[in-house]
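According to Swiss-Prot, the feature transmembrane segment maps to 24-44, 57-77, 109-129, 142-162, 186-206, 237-257, 276-296, an assignment based on sequence analysis.
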Amino acid sequence: MTEISEICETAFKLTYHPIYRGSLFIHLFVSISSIIPLIYFVIFKLPKTSFHGNLKFLFSAYFVSVFLFSVDFAIISTTEILIPLFSKHPCNLLIPDQYLKIGNTTVSIFMSLSTFFPISITIERFIAMKMARTYEKTRVRLGPILTGCNILLDLLIVFFIYRDEKFDDGSISFVFFPKTLAPKMFTFFWVMFFLNLINFTFNSYLLRQSIRLKVSTSSLATKYQREEVVHSTKFAVFVVFCHVILFGFYVIGIMILRYFGSIFIPDPADLMATRGAFTTMISLYNLVVGSVAVYLNHLIKTRKSEEITGTVRIQATGAVGAQNYENAIFNIWNSV
């Protein structure tokens, strides 16, 4: 009974701690705000891009996974805000085991799923660079296959991590990992972070190679195809970079607070509240990724339009303009 009372007392202190309580409202606001740019980009912007269907499919799946992550977090934060309003006893603040298992598992699935897609996008970009001359004519198969592999692999990993977990520690949040589960999940996140870091390096190499191949191409048709690969790869590189920075910040921050937090925050209650608040701030990643995608798409589209305008514009005045006019008339007569 003493242990149960201590758990309930700790739950009460953490639930009503101003740092943690305030973070839930911020978390809810950020989660809802992140949904808007994600929906806007996936529905209104991504379909209009000149990206190959495989890349569009992968980006759609990636941003949809981030969108589902935001929705899940919005539901979770709303629930955690409302629970104290209807709790009459400190122990009522603890989430029942069966609900905690479902909520915590979905958080892990959506959080980890988005970390697989940048690697798949790099695989698709590598194949696109190698097959630049014929890739535009290939059917949309690679994107769905890679997406299916991502989902299956993520589900299998989460299943093996969670299969022996009983969820009997008690928790006030769906986001907190149980003591026996936390080391496994953080190891998984570290592995994914380093894989994404390597992936970003390779993606940057692909971009440089694509630019080099475009410059060395003499054929106008081939140059245009290479240009499309360069633009889409640029977009992919910036999205992957954003993903690596934000995900890395989250993982490193969690580990610092977990193992060295007591050095900076000596009070146990304040440290626990700060760790809880930082854990919920992963929703900021969703907002930034969606907003950056919209901005980058607009920027690349604008620069591409300027490049095309500069390429096709011919001088229409003076001696050069007269020569251009004469050449145009000559070409028309030759085509008759």
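Indices start at 1 and increase along the chain as displayed.
Glycine residues also receive a Cβ, built from the backbone N, Cα and C atoms like all the rest.
Predicted, not measured: the structure shown is a model, and the values here were computed from it.
Touching of the transmembrane segment (276-296) and the transmembrane segment (186-206) is ruled out by the presence of fewer than three CB pairs under 8 A, sequence neighbours closer than 6 excluded. Tertiary proximity for the transmembrane segment (109-129) is limited to same-chain residues at least six positions away from its ends with a CB under 8 Å from its CB atoms, namely 52, 54-55, 58-59, 61-62, 65-66, 68-69, 72, 135, 142-143, 146-147, 149-151, 153-155, 157-158, 188-189, 192-193, 195-196, 199-200, 202-203, 206, 209-210, 213, 229, 232-233, 236, 239-240, 243-244, 247, 282.
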